[in-house]
Amino acid sequence: MTQTAAQQPSPRLVSGHGLATTAADGAVLDVWFPAPVAGPLSAADASLRDTLRALAADDADRGTTQAVVELEVDLDAAPASTADAWLRLHALSHRLARPNELNLDGVFGLLTNVVWTNHGPCAVADFELTRARLRARGAVQVYGVDKFPRMTDYVVPSGVRIGDADRVRLGAHLAEGTTVMHEGFVNFNAGTLGNSMVEGRISAGVVVGDGSDVGGGASIMGTLSGGGTQRIVVGEHVLLGANSGVGISVGDDCVVEAGLYVTAGTRVSVLQDGEAAHTVKAVDLSGVPNLLFRRNSTTGGVEALPRAGRTVELNAALHAN
């Protein structure tokens, strides 16, 4: 009797036609994918390839060349090239994949550190000579020196407002109805899943649920440095008060008082009927809904109070983008 092998799941594919900019030393500075799709390359718009070929141009002042690339990647496999990494970042910002739902292992090693200018991406090596050549065209503005560009230079998602484009990296996932104010920040592989007000920092790996407000100066711990591995989720209808911070996931309909930073090891007194019932580490309350986290103004201790039946409501007029 023969046994039928277990059917392997179909790969999750993203594909697209892109325009790659390459420096004189062969380093890929950027790859723009204007219309990536979820699925195989055959599903992508073939006419876009000809449009991009017409746009491809060499730039002697920057020492760059451009060429069309065609790429199909398995989101569950690790990125295999610089163009592959760029396609994944575009997939996030085009909402083809949500944060933490695609493999980004090794992405930093694949991306090139680039001088981002108003004349396009430039190599870091000998940039002052490049700047001198570009000055013949007019003023040279350097937006940054980094591996990740501004999202809006490559993707402008529908239904969002962004007060300062410098504050949102390519690879950010902004859902319809998201407003990022001038002091808000959204890293790559992070973002919102619904209507949200962002006036604080959403670090890499963090997702914020529908109807939530990240208050001015608020901070949500990420996973890029310090050895952290916990993925933090901010639930739906959550308010993180101004200058607050969290190092744990926050459940639906929770409020963190302004100025209070709750790390995983913070000792929290859980109150019932106004009395302390027991004390736990904050990580034990990770993801628990309907809580108010506050600092007792007399003792300075951190407390968690139940707030069942109450929710956070955003101003709908501010999110009709």
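A Cβ is built for glycine as well, from the same backbone N, Cα and C atoms used for every other residue.
Annotated in Swiss-Prot:
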- Asp166: Mg(2+) 1 binding site (BINDING)
- Glu183: Mg(2+) 2 binding site (BINDING)
- Glu199: active site, acyl-anhydride intermediate (ACT_SITE)
- Arg201, Gly216, Ser219, Ala242, Glu257, Ala258, Gly265, Lys281, Arg294, Arg295, Asn296, Ser297: succinyl-CoA binding site (BINDING)
Fewest-neighbour residue among binding-site residues, criterion Cβ within 10 Å, set Ser219, Asn296
Asn296
Under 8 Å by Cβ from Arg201 (succinyl-CoA binding site), counting only residues of that chain that are 6 or more apart
Gly184, Phe185, Val214, Ala218, Ser219, Ile220
Of the binding-site residues Asp166, Glu183, Glu257, Gly265, Arg294, Asn296, within 10 Å of Glu199 (active site, acyl-anhydride intermediate) (CA to CA), in sequence order, we find Glu183
Restricting to the same chain and to sequence separations of six or more, state which residues have a Cβ under 8 Å from that of Asp166 (Mg(2+) 1 binding site).
Tyr143, Gly144, Arg150
Please name the residue among the recorded positions Glu183, Glu199, Glu257 whose C-beta has the most neighbouring C-beta atoms within 10 angstroms.
Glu199
Tell me the coarse DSSP state (helix, strand, coil) of Glu183 (Mg(2+) 2 binding site).
coil
Which of the three DSSP-derived classes (helix, strand, coil) applies to Glu257 (succinyl-CoA binding site)?
coil
Inter-residue C-alpha distance, the residue listed as 'Mg(2+) 2 binding site' and Asn296 (succinyl-CoA binding site) (nearest angstrom)
28
Listed in sequence order, residues with CB under 8 A of Arg294 (succinyl-CoA binding site) and six or more positions away:
Glu257, Leu260, Val302, Glu303, Leu305
